[in-house]
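Here's the structure, in structure tokens; my notes come after.
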């Protein structure tokens, strides 16, 4: 397994380009299954999960044309079968997103129960229940979700018991081709959900209310082709901004948007960062100062994102004062804290809250990534620490960050990949 070797205590300084959002690209790639004509998806990040989703479509017989800029043209009508096998689904939870489009467009689907990051129980029962309300006949057997429908799905009024991003996306895609009106209540409001809705609208779907807790979808008979560019990755944007703040540096991130990152930018300003923004860029400057500790509570969008708490935990570890981080979205999301403690962080865990007292500096150590965002926090810790840090199991990082060591090198970091 590859590792990252980081030599710390250098403030980051420079400019980088932000990649397309993986969490928007995956549902949009799944949505191409709904169209009768080719759909081209642009601004895709070069990531393992994207490759897996493209491979999954290819395994089903879907014809794909990929250019050198990672734009993909998808011809869903060439599909041969409707089976998403365990060996692909186990590596990526988002494979469940093909369930709704397959049932809605082709009347059947067989999708393995998902795998992915080891952060708590993320149930798929809301997807299944919603599709059943729309008339799908679903059995779960031998580790597979097997769904069928006679004719078109029917619009339904669906209340989601908990806010679920992939559940909202799956049901919104299915409803786009259903007969009649579907209302999704307690829907996820994340920018990636909005981006999927905008792509579906570009394909001819009739959707209103995306970005609010109530989405209304009037089903249409068919969806046509379109060309759609995926929105920028707000978590990648936030990660590089926090890395610069934690090291007392300056960074300008380009090809991104501030409007999808407001909760994070407010916390960075609270930590003492000077932030300026333009139409497609954000600049952060710590002016050489040590960050101030911040307290935060994660919750679904537009509140503070769970995918950014690990990075702030790393920053708090060397900040002035102490801060409390409360995780309300997922259990098991503090696995990185033990590794930070091994590097000298002063952290007390109380249930779903972590109290972090800033220390003058961390010390480099061998550490191990446990999930995608935890691994980003360990990289940030390594950038701040005295001496060398080796981050193991970085396949987690490669699932969510495109060329992380190359982008950090552009910002002046001493970081390199050690091949297995």
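Counting begins at 1 with the first residue displayed.
Cβ coordinates come from backbone N, Cα and C, glycine included.
Summary of the site annotation: Swiss-Prot records UDP-N-acetyl-alpha-D-glucosamine binding at 93, 329. Screening the candidates 67, 307 against this entry identifies 307 as the one listed for that site.
Annotated pair residue 22 (phosphoenolpyruvate binding site) and residue 307 (UDP-N-acetyl-alpha-D-glucosamine binding site), C-alpha to C-alpha distance, rounded: 13 Å. Ranking the binding-site residues 22, 93 by how many Cβ atoms sit within 10 Å of each one's Cβ puts 22 at the top.
Rounded to the nearest whole angstrom, the C-alpha distance between residue 93 (UDP-N-acetyl-alpha-D-glucosamine binding site) and residue 23 (phosphoenolpyruvate binding site) is 11.
Listed in sequence order, 94, 165, 190, 192, 233, 235 are the same-chain residues six or more apart from residue 23 (phosphoenolpyruvate binding site) with CB atoms under 8 A from its CB.
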